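Taken from TrEMBL as is:
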- His435: active site (ACT_SITE)
- 1-13: compositional bias 'Basic residues' (COMPBIAS)
- 1-34: region 'Disordered' (REGION)
- 120-141: transmembrane segment (TRANSMEM)
- 153-179: transmembrane segment (TRANSMEM)
- 191-215: transmembrane segment (TRANSMEM)
- 264-283: transmembrane segment (TRANSMEM)
- 303-325: transmembrane segment (TRANSMEM)
- 345-368: transmembrane segment (TRANSMEM)
- 423-456: transmembrane segment (TRANSMEM)
- 476-494: transmembrane segment (TRANSMEM)
Amino acid sequence: MEPRAARLRRRTGSRAEQEDQPSGGNAEARGGPDLVQWTRHMEAVKMQLLEQLQGQLLELLDRATSEAVQSYPPQCGPLPTIPSDSLSKTQEPSLKKRKVFIIRKSLLDELMEVQHFRTIYHMFIAGLCVFIISTLVIDFIDEGRLMLEFDLLIFSFGQLPLALMTWVPMFLSTLLVPYQALRLWARSQAGGAWTLGVGLGCMLLVAHMALLGILPVHVAAEYQLPPASRSVLVFEQVRFLMKSYSFLRETVPGVLHAKGGKGVQAPSFSSYFYFLFCPTLIYRETYPRTPNVKWNYVAKNFAQALGCVLYACFILGRLCVPVFANMSREPFSTRALVLSVMHATLPGIFMLLLIFFAFLHCWLNAFAEMLRFGDRMFYRDWWNSTSFSNYYRTWNVVVHDWLYSYIYQDGLWLLGGKARRAAMLGVFLVSAVVHEYIFCFVLGFFYPVMLILFLVIGGPMNFMMHDRHTGPAWNVLMWTMLFLGQGIQVSLYCQEWYARRHCPLPQTTFWGLVTPRSWSCHT
């Protein structure tokens, strides 16, 4: 049977030959140069078609391979080959499906190879530029000068050196303690030396968790760090804790199931060191690697991430600060609250898209390229989701893989594999609490907007808007809910931020710290 690419090449060539055949005196009229140009044009079209077909075919094969490996049934016996760092069947729960890493690009990078999508991306950038230019022109007309204010940016990243200094002991503790604890547990199990090593390893881990839990909170509260500097600490705190757990979770079962009283060789320190920086939360001793580093790609992604940060500050300064700065000075009314939520939907969705593009695409891809990390699937096509369950799975694949592997699957194993809804509820609870903790840490106050949206609204929507709903109306409904959810978050958090500055407490009390100030502050 003739291959598809050969048939396409033959058909394209035959059409080109038919169209290139002049009739009668037209051959002399058209001339040689036109025929050469037309032939080159058709050759270029042919090569472009073949490249697009090849790229789509490779993408389909990669996805099929990944899905086939991830869905490999445990009852069918072991895989033909098992990585050296993987655990045996007796060491892993029978229900556990291990994350499979393969070399693949991020979805946006694949879409950027299509000219039509690049044009949409350019249109989006042009729209942002027009928005900034129009705002500056209006300021110039009203004020007689350009209002290039960077006060919000300077305030947000204030005391950044202190945050970076605090990061150093957090990193050193994560680098040394979990690995050293594993080495103590991997020693010979004969005699009481192993028991002493286990106790010492546990004490080291307790000290490690205490340092990660207390040090960043103490520094942020004692020195009143601004939001962006707090974000550096809290994201690194959560990342180090998740990576430490993944490393121990993937390696300790092999140590505990070692037979014969002989010591077990711990993974190499270089593999653990690489894991602390590579953009994944699932530990493996080896990962697929790309052959070389494209430094222009790294620079482009860092530049785009910086541009997103600047644009986010511009949105907050122009669309949020003028609206919410004095809102707490006015009497509370339902009308004002609803209008503020509707006003915040546009900047809210802009912030969501900027955070997604800056962190999940640009930042992670930049580090993946520098480290030659091959698997770049940090997100999937969440924008096409027709259900919240699919949105939660595809929005942040890095965190979802961790929750699925260590909360959902381990929960199923502990509960006997029959309480799937309970395991899913556990995932929601852990995710909601961590998200609320991050917001509380960054903003410096407790206001459980994210917790309520996650559990009260997000949880039921996950079960009601399930994967069986695939029509376009469900995608419209999901986007509508995202717009409203972002508007609620931006509106309520901004109101509470300014209320706590306009109405400080005369004395600090527990209920004063946990009670929303925006409900009673009307100066």
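Count begins at 1; order follows the chain as displayed.
Every residue, even glycine, has its Cβ placed from backbone N, Cα and C.
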> Given pairs 6 or more apart, does the transmembrane segment (191-215) have at least three Cβ pairs under 8 Å with the transmembrane segment (153-179)?
Replying inline: yes
>> Quick check: do the transmembrane segment (303-325) and the transmembrane segment (264-283) share at least 3 Cβ pairs under 8 Å, counting only pairs 6+ apart in sequence?
In response: no
>> With CB pairs under 8 Å as the measure, which of the listed stretches 120-141, 153-179, 264-283, 345-368 comes out on top against the transmembrane segment (476-494)?
In response: 345-368
> Mind checking which residues reach the transmembrane segment (423-456)? Cβ under 8 Å, same chain, six or more beyond either end.
Replying inline: 216-217, 220-221, 224, 227, 230-231, 233-235, 238, 399, 403-404, 407-409, 411-412, 415, 462, 485, 488-489, 492-493, 496-497, 500, 513-514, 516-517
